[in-house]
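Undergrad: Just passing along the structure, written as structure tokens.
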Amino acid sequence: MLKIVSKPSFNRIALMGREGVEGVPETLAALKDYLVSLNREVILEENAAHMIDGSRLLTVPANDLKKKADLLIVVGGDGSLLNAAHIAVPQQLSVLGINRGRLGFLTDIPPNELTQISDILDGHYREEVRFLLEGTVEEGDEIVAQGIALNDIVLLPGNAPKMIEFDIFINDEFVCNQRADGLIITTPTGSTAYALSGGGPILHPQLNAMALVPMFPHTLSSRPIVVDAESQIKITISPENDVSPYVSNDGQERVSIKPGGNVYTRKYHYPLHLIHPTDYNYYDTLRRKLDWEKRAAKV
């Protein structure tokens, strides 16, 4: 859902950035100074406090940001925003991205245009609600791991370069047996990330759908499937596998799953509230990031 919102201004702004990304400390420092000049209260997430001089500012652990802030601004690339989403979504804290990465599908504002933030803080912006996935790895009756993903839940080969055999069920109905290098279960947000390189479709962010994208399937007729996002997906790892594959959520964590285990994926109960400038246009972003500009229609 994308809507233009006019509401009371954001006054308490938390800043977050990823260490080791070029230009992030400089942009964080400039952003801090700009926000102070706008008479906003600035809160630093603990890692951000290590990158800039925040001696006069409140420093807060990532999991406590909602108690002190009403907006989280992330400086970095899409990977930085993914990391921030894992922190902000359970707290239901809105997120705005400043792009210091390469693609920037999720981080809208260039570092040399920080003045765009002023209108957003005054309550003039577009708010986009994007859903996440929740993945659960089970072996027998034991829950081995559980996590959320803004982009994707991915079944990956184990340490040996071998195909994985697995069964796919949707809402407890058997779909197919597959032998492939893995499977990507992607949200619309993730459809322009790893799943795109695997031949998956681009899903508009407002679609309440997810796609199942096989990775290098043994059968040429295996193709991506788009399903209702309210579905529950179950992947059962065949007991015949002689290696243990991995399950990853947004590339953040990787968990081994034994043959015979199950991976359950469903829609997470909290969404991401992503903030954009009022002139944000999804198709403009696609044209720029996927190099469609040369074929842009003349209006």
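Placement of Cβ uses the backbone N, Cα and C atoms for every residue, glycine included.
The NAD(+) binding site annotation in Swiss-Prot covers D78, G79, N151, D152, K162, R179, D181, T192, A193, Y194, A195, L196, S197, Q252 and rests on sequence analysis. The active site, proton acceptor annotation in Swiss-Prot covers D78.
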Undergrad: So if I draw a 10 Å sphere around the Cβ of K162 (NAD(+) binding site), how many other Cβ atoms end up inside it?
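TA: There are 14 such Cβ atoms around K162 (NAD(+) binding site).
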Undergrad: For a quick check of packing: other C-beta atoms within 10 Å of the C-beta of S197 (NAD(+) binding site), how many?
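TA: I count 11 other Cβ atoms within 10 Å of it.
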Undergrad: Are there any residues in the same chain, six or more apart in sequence, whose C-beta is under 8 angstroms from the C-beta of D181 (NAD(+) binding site), and if so which?
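TA: Looking at Cβ-Cβ distances below 8 Å from D181 (NAD(+) binding site), excluding near sequence neighbours, one finds L156, P157, M163, I164, M215, F216, P217.
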